[in-house]
Amino acid sequence: MAWNTNLRWRLPLTCLLLQVIMVILFGVFVRYDPDADAHWIDERLGRNISSDMDNEFYYRYPSFQDVHVMIFVGFGFLMTFLQRYGFSSVGFNFLLAAFGIQWALLMQGWLHSFHSGYIVLGVENLINADFCVGSVCVAFGAVLGKVSPVQLLIMTLFQVTLFSVNEFILLNLLEVKDAGGSMTIHTFGAYFGLTVTWILYRPNLYQSKERQSSVYHSDLFAMIGTLFLWMYWPSFNSAVSHHGDAQHRAAINTYCSLAACVLTSVALSSALHKKGKLDMVHIQNATLAGGVAVGTAAEMMLMPYGSLIVGFICGIISTLGFVYLTPFLESRLRIQDTCGIHNLHGMPGIIGGIVGAVTAASANTQQYGQKGLAHAFDIDATKTTWTASMQGSFQAAGLFVSLAMALVGGLIVGVILKLPFWGQPADENCFEDAIYWEIPEDQKSLVSRSEDPTLRPTEP
């Protein structure tokens, strides 16, 4: 089997075909939300709204800006740590996110915002589409450097579809609370990506080992991504919460958890090195685990000290995962996790689901007040049998559903991506920008071996 990485026809045709389909589907199904439509003046009068500043745009757009930066800048630059894969890390993240948000607007729209035959599109839809793509960016981290852009587009197509179905099951059928997406975004995205990379296992990947590492400047670029993600994560976890106390509380809980996570990550990184030195991999990734783990319970009455405890624990677990678990997964289970998403998103996502279930199960009127409890968990007159323990049970069920959807979906998509005609690189040519990008002349001399697009992997 020839390893032909020439994408001259495959990539343009795939991009153009997908975009034409998006144009047609948007033309048929998508219309503006009343808050974005030119009839807003009449809508405002009908709803007795006195000012344009009460438009939903002004409540949600600041959070949308922050989330948007996280998806395109934060995730993109976080993955630039590979010394010869910076163009692809940022560029392919840009590509899959740009396609993913369009398909997510349609998939989530059909499931959540379909009225009178149309999807009504407002600023909250844009935030939710970014959330969906965030899950794809998480999965991208597992296969980084080992797949072609065509494979990434196909993976995005299927993952967005599966994400939207999983999200509908959790939020609409099980009615779980998951403001920051610990279960829907991080757990689903991580275990979907890990399953895909398990199916795409490369036995000769050691031949690219010298490129599967960082250099001084690539780690600095990755740290830029870390800082953007760390600063904006409170917006991420609070972006779609109810206005008022819930959104305020979600930002505070995330802020506290992230802060605690940094100190424990630094402590463990130093303690686990025989000379007490820090590892940039831990500082770039484990310091963010607190934001992941507090996501489900972000808008609940977790209390600031509870958020600090969550961040404290996740900093330890994530750092230990990078040191001990990632090598074990690769050597024993054949899971080649390029970015260590299991440590940043997988395990913290599961912890977040558990924390959310426990916090929901312990909710009471003393903590929330009668009206506050009803508002926090959307209890109305139809939910006469609702109890906190029941909510906790549904929260736990949501975690298992996310895991099941991720594993089954990852198996199916992994098999599809394993087909030989997607333009994937040979094992010895992984983690190399020159395969798919025109690179500066002064960098071409650094390529350690021939990048023949028909090159086959060397037999062991």
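Cβ atoms here come from the backbone N, Cα and C positions, even for glycine.
Swiss-Prot annotations:
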TOPO_DOM  1-9  topological domain 'Cytoplasmic'
TRANSMEM  10-30  transmembrane segment
TOPO_DOM  31-61  topological domain 'Extracellular'
CARBOHYD  N48  N-linked glycosylation site
TRANSMEM  62-82  transmembrane segment
TOPO_DOM  83-86  topological domain 'Cytoplasmic'
TRANSMEM  87-107  transmembrane segment
TOPO_DOM  108-125  topological domain 'Extracellular'
TRANSMEM  126-145  transmembrane segment
TOPO_DOM  146-151  topological domain 'Cytoplasmic'
TRANSMEM  152-174  transmembrane segment
TOPO_DOM  175-179  topological domain 'Extracellular'
TRANSMEM  180-200  transmembrane segment
TOPO_DOM  201-219  topological domain 'Cytoplasmic'
TRANSMEM  220-240  transmembrane segment
TOPO_DOM  241-251  topological domain 'Extracellular'
TRANSMEM  252-272  transmembrane segment
TOPO_DOM  273-285  topological domain 'Cytoplasmic'
TRANSMEM  286-306  transmembrane segment
TRANSMEM  308-328  transmembrane segment
TOPO_DOM  329-340  topological domain 'Cytoplasmic'
TRANSMEM  341-361  transmembrane segment
TOPO_DOM  362-396  topological domain 'Extracellular'
TRANSMEM  397-417  transmembrane segment
TOPO_DOM  418-460  topological domain 'Cytoplasmic'
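Only residues 6 or more beyond the boundaries of the topological domain 'Cytoplasmic' (201-219), in the same chain, are considered here, and those with a CB under 8 A from a CB of the stretch are 80-86, 145-146, 280-281, 284, 334-336, 338, 427-432, 448, 457-458, 460.
Between the transmembrane segment (397-417) and the transmembrane segment (152-174), three or more CB pairs separated by 6 or more residues in sequence fall under 8 Å, so the two stretches touch. Highest Cβ contact count with the transmembrane segment (87-107) among the listed stretches 126-145, 180-200, 220-240, 286-306, 341-361 falls to 126-145 (criterion: pairs under 8 Å). Among the listed stretches 62-82, 126-145, 152-174, 220-240, 252-272, the one sharing the most Cβ pairs under 8 Å with the transmembrane segment (10-30) is 152-174.
At the 8 Å Cβ threshold, with sequence separation of at least 6, the transmembrane segment (220-240) lacks contact with the transmembrane segment (341-361), having fewer than 3 such pairs. Count of Cβ pairs under 8 Å against the transmembrane segment (126-145): among 62-82, 152-174, 286-306, the largest is for 62-82. Here the topological domain 'Cytoplasmic' (83-86) has long-range neighbours at 144-145, 211, 213-215, 218, 221, 431-434, 446, meaning same-chain residues at least 6 beyond its ends whose C-beta is under 8 angstroms from one of its own. When each of the listed stretches 252-272, 286-306, 341-361 is scored by C-beta pairs under 8 angstroms to the transmembrane segment (180-200), 341-361 comes out highest. Sequence-distant contacts of the topological domain 'Extracellular' (31-61) (same chain, at least 6 residues past either end, Cβ-Cβ under 8 Å): 113, 118-125, 127, 239-240, 243.
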